[in-house]
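Here's the structure we're looking at; comments come further down.
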Amino acid sequence: MTAVSADLLKEEGVENNSHTVEDIKSKKKRKPKNKNKNSDNSEVTENGEVAEIEKKGENENEEDNNEDIEIDDDDNLWRVTNEEKRYLERSMNDQYDEVRRAAEVHRQVRHAAVQSIKPGMTMIEICELIENGTRNLIEAEGLERGIAFPTGCSLNHVAAHYTPNAGDKTVLNYGDVMKIDFGTHVNGRIIDSAFTLNFNPECDNLLAAVKDATNTGIRESGIDVRLQDIGGYIQEVMESYEVVIGGKTHQVKPIRNLNGHSIGLYQIHAGKTVPIVQRAESGKMEEGEYYAIETFGSTGKGYVHEDGECSHYMKNFEMGDKAIVRMPRAKQLLNTITKNFGTLAFCRRYLDRIGEQKYLLALKSLVDAGAVDPHPPLCDIKGSYTAQFEHTFVLKPTCKEVLSRGDDY
């Protein structure tokens, strides 16, 4: 699921066993001992005789005795051995196994989907194929495991956040470029991964550009890497591609107001954003964090806006339970959302599936109260084509593990 630049989310810390800044004093000072020293750079022996101190070698310049000696933060006291890193990693094995299970389900579902999806299918058929496959393979059970967010199947100039509502008759055509973005989770450990399908060879280079850019972003990511630097690498790679469609040449442009993002427990957007263009972005990647690196390329303006009927919704992570909701039907709907989806994203089809009826007014009331956030489709100019590729990885103490990687992408 996509992070939009305008939606600045409050950063939530990631549990980390490493030393924090508060644990470390910025400077330590000590004074050299002057025991039995005279002011003329001599010392008194046990016999009371005065002996000159031998001069140090050329590379050791003796400081004035009254000067403090500074010890930097980068002191051996704060070094972490490889064995300690391996121990930290072993202590997280249960967490890693959960997210790896979610990743394996994602791989198997998308492999089956690619073999089954053909022009002429409706968007609802495609989404139900993916979602039912996910529920069966992951053995969906309430909030313990299941679908992490609605299946996105955005077409052509629509870059993200489109999934069909009930009654949508949209059909996949031969010339369409479709972004399939779906998520899985086990105990709130989310896999967010996306790919693009097309049947027209004219758009192959568009897909190649975005896939290359995503892999570049993943390769350049790591502990202590600045978020803004990753965007520069992605932009450079993507803009090096051109695509010829209908005899017209287009430079592939990164969609500059869409981003990758950090992932938290039951939180698809955990506060940090990873730009896909060179721009000022504070913060660094840190050990223990999960990230979704996703890039979008376009033959249009490279900028998206909200347009069309909204289908994606998500309970506000910070305000969902604090919002003032007065309408009784809205309170009832909020309880249903909390019970079935928690803070995971959902769509109107999911409400239909659990038996909710005549809920649109109540849903609007929750949106107006700030308890639920809407996520409408994000679109470039009509007539353009957009593509997306995305992977989830974790920054472990000893390595970076790309969890959603498969033989396909």
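Start at 1 and count along the chain as shown; that gives each residue its number.
Cβ coordinates come from backbone N, Cα and C, glycine included.
Curation does not apply to TrEMBL; its annotations are automatic.
Sequence-distant neighbours of His161 (substrate binding site) (same chain, six or more apart, CB under 8 Å from its CB) are Met1, Thr2, Gly152, Ser154, Ser311, His312, His375, Pro376, Pro377, Leu378, listed in sequence order. Feature annotation from TrEMBL assigns substrate binding site to His161, His269.
Among the features that TrEMBL reports, divalent metal cation 1 binding site is placed at Asp181, Asp192, Glu390. The Cβ of Glu390 (divalent metal cation 1 binding site) has 26 neighbouring Cβ atoms from other residues within 10 Å, across all protein chains displayed.
If you look up TrEMBL, you'll see Asp192, His261, Glu294, Glu390 marked as divalent metal cation 2 binding site. DSSP assigns Glu294 (divalent metal cation 2 binding site) to a strand in the three-state reduction. Here Glu294 (divalent metal cation 2 binding site) comes close to Thr2, Asp192, Ala194, Thr214, Leu258, Asn259, Gly260, Ile276, Gln388, Phe389, Glu390, His391: these same-chain residues lie at least six apart in sequence, with C-beta atoms under 8 angstroms from its C-beta.
Residues annotated as compositional bias 'Basic residues' in TrEMBL: 26-36.
Marked as compositional bias 'Acidic residues' by TrEMBL: 60-75.
What TrEMBL lists as domain 'Peptidase M24' is 98-308.
Annotated region 'Disordered' per TrEMBL: 1-75, in sequence order.
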Looking at the binding-site residues Asp181, Asp192, which sits with the largest number of other Cβ atoms within 10 Å of its Cβ?
Asp192
If I restrict to non-local contacts, at least six residues apart, and a C-beta distance under 8 angstroms, what lies near His261 (divalent metal cation 2 binding site) in its own chain?
Ala3, Ile268, His269, Ala270, Lys272, Thr273, Val274, Tyr291, Ala292
Which secondary structure state does DSSP assign to Asp192 (divalent metal cation 1 binding site), in the simple three-class scheme?
strand
Determine the Cβ neighbour count for His269 (substrate binding site): the number of other Cβ atoms within 10 Å of its Cβ.
23
